[in-house]
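Just below is one structure, and these are the notes that go with it.
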């Protein structure tokens, strides 16, 4: 048995010599994560990686991997953690940035453990958008974006999945004192004030 390598060194190996800052962004459907991620990217120079967008892009590319992902999603199966992690890893390696917001992942405890095992990266912290279900429901129903999945039954199912799957992840990181909770029920500008306070240490240095 080899002696365990220092985590920092392993991190570099996993991303081809890159040291990165990773922040997981979690919150229920309609908690306003997307809007705030856009603000963080603009003000703090992070790169926003959405697990869902990466999977959709892979499907669109028509690759063998993409076809497999498409089939799984159509059959209602969960895409294996390793597949999503590989896409996130490739995106981080290709990017010239070293600060990443990972949105919509890890979705569950298995995702979380696999991400840390595969990449050897532990997030700097988890940004958790905490919002009451009634408020999220109101927002989703008022969001006239023509999203087929925004009807009341589907919305409630999505809430249930979020609570059952993602809360254990939040509890795990809470036990490590790594969760920064935002009251996401407030108006967008107020929510961003809270976000700004958390990200202040990551503000770009003025040269």
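Placement of Cβ uses the backbone N, Cα and C atoms for every residue, glycine included.
Bear in mind that TrEMBL entries carry predicted annotations, made automatically and left uncurated.
Quick look at what TrEMBL annotates:
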BINDING   30, 31, 32, 33, 34, 35, 143, 186  ATP binding site
BINDING   56, 77, 78, 79, 104, 105, 106, 107, 147, 158  ribonucleoside 5'-phosphate binding site
BINDING   111  CMP binding site
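Of the listed binding-site residues, namely 31, 35, 111, the sparsest Cβ surroundings within 10 Å are found at 35.
Taking a C-beta cut-off of under 8 Å and a sequence gap of six or more, residue 186 (ATP binding site) has these contacts in its own chain: 194. When the C-alpha distances from residue 33 (ATP binding site) to the binding-site residues 56, 78, 104, 106, 111 are tabulated, the minimum falls on 104.
The closest partner of residue 35 (ATP binding site) among the binding-site residues, by CA position, is 104; the full candidate set was 56, 78, 104, 106, 111. Separating the Cα atoms of residue 78 (ribonucleoside 5'-phosphate binding site) and the residue listed as 'CMP binding site' is a whole-number distance of 11 Å. For the binding-site residues shown (33, 56), fewest C-beta neighbours within 10 angstroms: 56. Shown are the binding-site residues 30, 34, 104, 106; of these, the residue with the fewest other Cβ atoms within 10 Å is 34. Other C-beta atoms found within 10 angstroms of the C-beta of residue 32 (ATP binding site) number 22, with every protein chain shown included.
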